[in-house]
Amino acid sequence: MQSEESIMTDLATSEIPETDPFALFAEWMEEARASELNDPNAMALATATPDGAPSVRMVLLKDHGPQGFTFYTNAESRKGEEIRANAQTALLFHWKSLRRQIRVEGPVREVAPEVADAYFHSRARESQLGAVASDQSRPLEDRRVFVDRFRAAQERFDEGEVERPAYWTGFTVTPQRIEFWCDRPNRLHDRRLFTLSGAGDALSWTSTLLYP
């Protein structure tokens with residue numbers, strides 16, 4: 001059994017390295033894929049209206065790297081409308097199996113149409129038809145109406161390629177702040193914040209430890 005003195009000695013060293021935040025994110029995501037039972041790429045997406053009224057929901061991360069963190073959705077949904085009105089967003093990844101979380105903050109931009117097309121057509125056909133049938137975030141009088149819309153989409157496209165609706169697209173959050181958190185004994189948790197600074201070719205990431 002580890003002694004209290006040994007535990008305290010270990011706690012004096014951060015377990016979150018001062019490194020490339022995107023490489024660290026990729027490493028943690030791979031570990032999450034190996035340990036989380038469901039949807040390790042699930043993330044909470046927070047948006048807000050221009051006057052600051054917030055809303056949050058779970059979405060799935062579909063791409064990540066120095067370019068940002070990408071997800072896909074109906075642009076006419078509540079989140080889509082809020083993104084168009086206020087580009088500032090925040091993401092949260094929480095992996096209970098690893099006792100870790102990552103927070104991301106930054107503006108969001110829409111992906112190119114060809115990128116949205118490629119991802120849309122990589123999805124299961126039923127998911128494509130569901131996107132066509134769903135009037136996301138709008139009132140639904142009866143579930144049977146939704147099923148009827150799905151069947152109508154099936155008939156419309158028959159065996160042909162399902163056309164991506166113009167309102168269905170992708171968004172990429174360009175991070176300006178990325179914070180990594182991990183659980184440690186005695187609630188002396190580990191936090192490291194990476195902040196983007198500079199401009200143009202002089203952009204760089206700086207990191208600092210935070211009190212938990």
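Quick reminder: no glycine exception, Cβ is built from N, Cα and C everywhere.
As annotated by Swiss-Prot, FMN binding site applies to 57-62, 72-73, 78-79, Gln101, 136-137, Trp181, Arg191. Mapped onto three states, the DSSP output places Val59 (FMN binding site) in strand.
Look at Swiss-Prot and you will find Lys62, Tyr119, Arg123, Ser127, Arg187, Leu188, His189 tagged as substrate binding site. The DSSP secondary structure for Arg123 (substrate binding site) is coil.
Around the Cβ of Val59 (FMN binding site), a 10 Å sphere holds 16 further Cβ atoms from the protein chains shown. Across the fold, the C-alpha of Tyr72 (FMN binding site) and the C-alpha of Lys62 (substrate binding site) stand 8 Å from each other. Of Arg57, Gln101, Ser137, all annotated as binding-site residues, the residue with the shortest Cα distance to His189 (substrate binding site) is Gln101. Calculated from their C-alpha atoms, the gap between Arg78 (FMN binding site) and Ser127 (substrate binding site) amounts to 20 Å. With the fewest other Cβ atoms inside 10 Å of its Cβ, the least crowded of the binding-site residues Leu61, Leu188 in this structure is Leu188.
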